[in-house]
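To keep things clear, I will list the structure first and then write my remarks on it.
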Ligand SMILES: O=C(O)C1=C[C@@H](OP(=O)(O)O)[C@@H](O)[C@H](O)C1
Ligand SMILES: C=C(OP(=O)(O)O)C(=O)O
């Protein structure tokens with residue numbers, strides 16, 4: 001899809017963004033255990049739809065569940081299904097999902113008494129799961145590969161007779177996602193104690209009826225921060241967001257101050273604004289260990305603004321929808337800039353005049369498409385396989401069209 005930009009005469013835009021996929025998927029697993037949770041504002045993205053479908057059409061025996069590209073669905077279901085006695089299912093995903101590691105979680109489930117078999121390569125999906133009643137109350141788990149393994153355990157822990165204490169080995173990655181899980185559990189009345197070295201989740205068999213309104217997705221909002229950063233000036237109103245967000249990616253508001261963007265809250269919306277002529281830094285340095293999903297957005301904003309960047313804390317990027325470090329290097333360099341990557345960092349040496357009419361490969365990764373799209377504000381480009389955005393943000397293209405980004409198939 002070819003993208004170009006025609007400056008719109010409207011300088012103020014109002015957009016609603018779909019629900020957070022991370023919050024949606026946590027509450028779907030909780031609702032499966034506590035049906036008196038009512039949910040509103042669930043994400044309409046693929047990752048939430050596949051999880052919802054799996055949970056609402058679950059059969060006891062012979063079921064085969066395909067969660068496509070959804071990492072959270074794969075990890076959360078591995079734990080949840082293992083904890084349902086008498087269940088026998090195959091859990092599989094896309095080709096890429098079968099390359100994303102799950103051994104740490106499978107080991108933990110086995111230690112807790114779960115029965116899981118690998119149907120392909122050792123340590124990777126697809127899995128054959130025989131549900132069991134899980135009894136232990138303690139487990140140790142490496143925490144530096146994916147926080148989703150730990151969230152998966154936390155979400156089923158209330159059903160354990162004595163709850164579960166999870167000891168965290170090695171440096172914790174994506175920690176705000178664990179805080180989100182703890183907050184989700186607490187919101188329905190489960191007691192959780194989250195410490196540096198361990199997390200204790202107390203048992204719970206019944207909860208009071210509860211209605212949860214899912215906040216919009218801050219990771220999705222990041223692409224509008226990037227659009228505004230690449231425009232001369234403007235103001236966007238994005239809904240629905242709250243000041244004390246459960247989402248770590250709300251940090252985007254702080255990060256984009258570096259690019260001259262101010263964020264204000266107005267009721268349940270955020271107003272993000274940029275004035276003409278703001279002074280920009282020559283270089284930025286950020287540790288994104290807590291917010292890995294913002295890495296692509298920030299790297300491309302820097303590319304468009306001719307700002308050098310040194311992004312660290314990126315060691316999980318190589319096991320996401322694609323190897324995002326290699327994908328970023330390959331695609332950014334097509335525009336004429338230089339990128340150096342290590343196992344956990346990316347350094348961008350920018351280029352003043354970007355190459356025109358580049359075709360950006362998206363590698364089945366929604367965030368590659370959405371991170372590069374705002375660059376159309378600076379230079380015409382083509383995004384290959386634009387439909388990948390539906391993983392987290394199905395109406396992304398309609399929404400950025402409203403800002404003046406023209407699209408030709
Ligand atoms: O728990 C979650 O909802 C998520 C955790 C993060 O993954 P890792 O913990 O694997 O970094 C994040 O990248 C992903 O998009 C969603
Ligand atoms: C990494 C992501 O998702 P998941 O791991 O849930 O597939 C993402 O949305 O950027």
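The backbone N, Cα and C atoms fix where each Cβ goes, glycine too.
Copied from TrEMBL, the annotated features are:
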ACT_SITE  293  active site, proton acceptor
BINDING   21, 71, 100, 148, 324, 367, 391  phosphoenolpyruvate binding site
BINDING   21, 22, 26, 146, 147, 148, 174, 293, 320  3-phosphoshikimate binding site
DOMAIN    55-400  domain 'Enolpyruvate transferase'
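Feature map: TrEMBL annotations on the structure.
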{"residue": "21", "record": "phosphoenolpyruvate binding site", "DSSP class": "helix"}
{"residue": "26", "record": "3-phosphoshikimate binding site", "DSSP class": "helix"}
{"residue": "71", "record": "phosphoenolpyruvate binding site", "DSSP class": "helix"}
{"residue": "100", "record": "phosphoenolpyruvate binding site", "DSSP class": "coil"}
{"residue": "147", "record": "3-phosphoshikimate binding site", "DSSP class": "helix"}
{"residue": "174", "record": "3-phosphoshikimate binding site", "DSSP class": "coil"}
{"residue": "293", "record": "active site, proton acceptor", "DSSP class": "helix"}
{"residue": "320", "record": "3-phosphoshikimate binding site", "DSSP class": "coil"}
{"residue": "367", "record": "phosphoenolpyruvate binding site", "DSSP class": "helix"}
So which of 21, 26, 174, 324, listed as binding-site residues, have a Cβ under 6 Å from an atom of ligand 2? none
Contacting recorded positions for ligand 1, chosen from 26, 174, 293, 391 when the Cβ sits under 6 angstroms of any of its atoms: 174, 293
Local confidence of the domain 'Enolpyruvate transferase' (55-400) - pLDDT mean: 97
Quick check for the class: what is the C-alpha distance, in angstrom and rounded, between residue 174 (3-phosphoshikimate binding site) and residue 367 (phosphoenolpyruvate binding site)? 17
Neighbouring C-beta atoms (10 Å sphere around the C-beta of residue 21 (phosphoenolpyruvate binding site)): 26
Among 21, 22, 26, 146, 147, 148, 174, 293, 320, the record's 3-phosphoshikimate binders - longest CA distance, Å: 19
Find the shortest Cα-Cα separation between residue 21 (phosphoenolpyruvate binding site) and the recorded positions 147, 293, 320, and name the residue that gives it. 293
Sequence gap of 6 or more, Cβ distance under 8 Å: name the residues on the same chain that satisfy this around residue 26 (3-phosphoshikimate binding site), in order along the sequence. 76, 151, 155, 180, 181, 184
Sequence order is fine: just name those binding-site residues in 100, 147, 367 with a Cα within 10 angstroms of residue 293 (active site, proton acceptor). 367
Assigned element (helix, strand, coil) containing residue 391 (phosphoenolpyruvate binding site), judged by DSSP: helix
Judged by other C-beta atoms within 10 Å of its C-beta, the most isolated of the recorded positions 71, 147, 174, 293 is 71
